[in-house]
Amino acid sequence: MAKKYISQQDLKTHNKSGDLWISILNKVYDVSEWSKHHPGGDLPLLTLAGQDVTDAFVAYHPTSAWLYLDKFFTGYHLKDNSVSQVSSDYRKLVAEFSKMGLFETRGHRMMYTLCFLTTLFVTSVCGVFCSDSTWLHLFSGGLMGFFWIQCGWVGHDSGHHQVMKNRTFVHFMQLIVGNCLSGISIAWWKREHNAHHIACNSLDFDPDIQSIPIFAVSNRLFNSLKSQFYDRMMNFNSIARFLVSYQHWTFYPVACFARVNLLAQSHLLLLSNKKKVVNRKQELIGMLVFWIWYPLLISCLPNWKERVMFVVASFSVTGIQQVQFALNHFSSSFYVGPPCANDWFRKQTEGTLNIKNSSWMDWFYGGLNFQVEHHLFPRLPRCHLRTISPLVVELCKKHKLPYNSASFLMANAMVIGNLRSVALQARDLSKPISILVWEAVNVHG
């Protein structure tokens with residue numbers, strides 16, 4: 001039987017909910033119904049709809065996922081699609097890592113991590129109950145914040161790849177370390193983080209850089225773009241202009257309490273009926289557990305002064321993790337619009353920054369000091385990121401693509417420098433909003 005073909009232009013027309021087609025290795029699939037059940041949520045499919053998504057597919061899916069594609073096959077093949085040399089080399093590298101077993105689960109490492117988390121949590125709680133020392137209570141609050149940071153890395157690892165073979169246990173672990181102990185919805189995190197990875201540093205598609213009215217990472221945000229993730233306008237009004245004008249001064253103080261936003265976003269998703277949430281009841285029960293034990297623990301402190309100190313200390317320490325996230329992206333290249341799947345490798349490298357540090361500090365960064373490698377190979381356990389780094393550097397050099405890295409201090413300076421640059425543009429009150437809009441459209445961020 002002769003093959004049936006469809007052009008890229010025709011494929012692009014199938015790019016909306018209810019009519020969602022994608023191409024993988026030039027075979028066209030109708031995933032309209034599957035998007036409702038896709039483990040990664042519907043956003044990745046909607047964002048990349050109407051394109052050849054081979055690079056994104058091999059990045060996020062194990063080899064076993066290929067077995068399920070046939071039931072979505074439309075019978076059409078993409079007739080005018082060409083594969084770039086960088087995409088070809090990237091796919092070969094993914095296949096090589098698979099053969100080496102680098103994507104295999106490492107359950108014993110996770111058990112060590114869970115034991116470490118238990119130690120941190122018990123020590124913090126004991127510091128509250130077993131001593132009357134104000135300083136020890138303050139230390140316990142800081143330790144609780146450090147515990148939440150480590151919980152974040154566990155949630156991050158388990159959300160990206162199967163850290164243990166038993167999926168039921170992994171889901172239970174996510175609910176415990178995420179919802180019950182940290183107060184952060186694992187469902188919200190997956191939805192937000194998948195959108196970030198698919199559209200890395202897209203000003204209107206990546207929620208991680210959509211912080212208007214508090215921060216603006218690019219003057220293009222002066223144009224009041226629409227957030228495709230939050231489905232609302234990011235209005236650059238007079239309030240936003242004022243706050244952005246001082247963002248290089250407020251960056252670290254805001255980071256200390258950025259956890260409040262994570263808690264709020266978790267609740268907004270779980271309490272809203274507009275978005276489908278798998279295991280919503282389990283997630284809500286987990287959140288309820290957090291809001292029972294944490295206030296009870298605080299109430300056991302002797303006075304309000306120490307209670308406030310404990311909360312401030314626990315929240316402020318988690319600001320370290322918020323800064324770490326910002327360092328990886330806030331000073332990198334930005335763009336407007338949906339990601340182009342055929343440009344996958346370049347967009348991931350241009351939008352990320354590695355942090356140079358000694359190997360013994362990798363645990364502190366949760367592996368995200370190798371942000372370039374993590375974005376290119378999101379399923380790869382963090383223990384292998386340093387190992388593959390030279391291969392990624394070599395591939396970037398071969399194709400003359402950026403491989404950005406800086407020390408922790410330099411990365412901080414780069415972020416503050418970018419925030420200051422945008423702030424000074426927003427602060428220039430001699431320019432009416434119309435001029436700022438023109439610059440936002442015509443000047444690279």
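In case you wondered, yes, glycine gets a Cβ from its N, Cα and C as well.
Please treat TrEMBL annotations as automatic predictions, because they have not gone through curation.
Sorting each residue of the domain 'Cytochrome b5 heme-binding' (3-78) by its DSSP state yields 30 helix, 22 strand, 24 coil. Here TrEMBL flags 3-78 as domain 'Cytochrome b5 heme-binding'.
Sequence annotations record features per position, and here TrEMBL assigns transmembrane segment to 110-130 (among others). When Cβ-Cβ distances below 8 Å are used as the criterion, the transmembrane segment (110-130) is approached by residues 136-137, 139-141, 143-144, 146-147, 150-151, 153-154, 157-158, 163-164, 173, 177, 181, 297, 300-301, 310 of the same chain, each at least six residues removed from its ends.
Note on the transmembrane segment (168-189): residues 110, 114, 117, 121, 147-148, 151-152, 154-156, 158-159, 162, 262-263, 265-267, 269-270, 277-280, 282-283, 285-287, 289-291, 294 of its chain, located 6 or more positions outside it, place their CB under 8 angstroms from a CB of the stretch. According to TrEMBL, the transmembrane segment annotation covers 168-189 (among others).
Marked as transmembrane segment by TrEMBL: 251-272 (among others).
Marked as transmembrane segment by TrEMBL: 284-304 (among others).
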What parts of the chain pack near the transmembrane segment (284-304), using Cβ distances under 8 Å and only residues at least 6 beyond its ends?
125, 128-129, 132, 137, 175-176, 178-183, 185, 266-267, 270, 310-311
